[in-house]
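Annotated in TrEMBL:
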- B:HIS2: Ni(2+) binding site (BINDING)
- B:CYS70, B:CYS73, B:CYS86, B:CYS88: Zn(2+) binding site (BINDING)
Amino acid sequence: MCETCGCDDPAAAPRLTSFPADAGAAGRSGRELLLEQRVLAKNDEQAGQTRQRLAARNVLAVNLMSSPGSGKTTLLERTVRDLAGQWPLAVVEGDQESVRDAERIRAEGVPVVQVNTGRGCHLDADMVDRALRALDPPAEAVVFVENVGNLVCPALFDLGEGVRVVLTSVTEGEDKPLKYPHMFAKADLVLLTKCDLVPYLAVDVDHCMGLIRRINPAVDVLTLSGLHLPAGAPGAEPEPGLAAWYAWLRARRPRPDARPRAGAAGRV
Amino acid sequence: MHELAITQSVVDAIVERTGPTRVTTVRLVIGRLSGVVPESVRFCFDVVTAGTPLAGAALTIDEPAGRARCRRCGAEFVADDVLVLCGCGCADVAVDGGDDLRIASVGLMPAAEAS
């Protein structure tokens, strides 16, 4: 993927000479056409339409992003298991190849569409639009969009989501926010996963938290532990971080769960 | 490699505007904080433009730096990185600009030379 062009290694990219002479020549002999057009205008336009459509149905779309192996699918399996029955749920799975993740989610009994990007290293607004049309989530639903595992490219593409959630696991080391600041700068929430492994690792969690806050002072940060352990293993239960994650989601739904006050008539 | 998708978007957007007219120059603005590596766009440009009216076009990329303002002391300075520190030592810095990613202009071949 990125080794093809070295796009994840700025040090490997020498500054080449541009071509001002040619640009000038075109101005003299040809016609210069001013465009002043954003490169991602088409993607952003589609994302805007998706966002409007979802808002009209009070649907919350959650764009989940991380490196491969941070625990996105594992968190989703657990999340849809715990929340099924509370809210309508649906999942869009993004991967280069295979329907493996979609099968894992389908096993939990939740509607899911797998998007395979082939050589592409991120989801874009058009892919998500097509997936959402296939899923057709009901009003009030929460739709989780699991992006392709990649801390670089997905940061740039608006999918029309309501919130952006970035996972980073303690096994990846504390310096991921420093190395991939664009991803963390645009997050609404960072989930630090696999925290039960901290005692076995040379990782400085406080330093990691400090880096996240330095890049994105307003971001929320929650920690999760033990989701990667087999059910029933010591440390696998209970997981207080999950309650905080669900509360965070609940607070961001377009129409929060109705909590009828005593004597108050429920809204329609 | 999102630069491949980015470069494809550039070519699509230009062809949509200029049709079959030969394009001889392309000027892009890729801010230092845009998350896009200009060198990778250059690498992709020849590949993506092959067989299109942009084939052989000269690519110029302007790379404006970002501007940052310290939320504590109010100082304004140039930011070449998303991770910036103000001179006062504060990390609570608002970055503004430098995330441009746009097609500024294209040069078109005069009709007489196009054949």
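Glycine residues also receive a Cβ, built from the backbone N, Cα and C atoms like all the rest.
Curation does not apply to TrEMBL; its annotations are automatic.
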Chain-mates of B:CYS70, B:CYS73, B:CYS86, B:CYS88 with C-beta within 8 Å of site centroid, Zn(2+): B:ARG71, B:ARG72, B:GLY74, B:ALA75, B:GLY87, B:GLY89, B:CYS90, B:VAL93
Of B:HIS2, B:CYS70, B:CYS73, B:CYS86, B:CYS88, chain A-adjacent binding-site residues (C-beta under 8 angstroms): B:HIS2
Neighbourhood of B:HIS2 (Ni(2+) binding site) by C-beta distance under 8 A, where only residues 6 or more apart in the same chain count: B:VAL36
DSSP state at B:HIS2 (Ni(2+) binding site), helix/strand/coil: helix
Structural state of B:CYS70 (Zn(2+) binding site), classified by DSSP into three states: strand
C-beta crowding around B:CYS86 (Zn(2+) binding site), within 10 angstroms: 20
Cβ packing number for B:CYS70 (Zn(2+) binding site), 10 Å threshold: 20
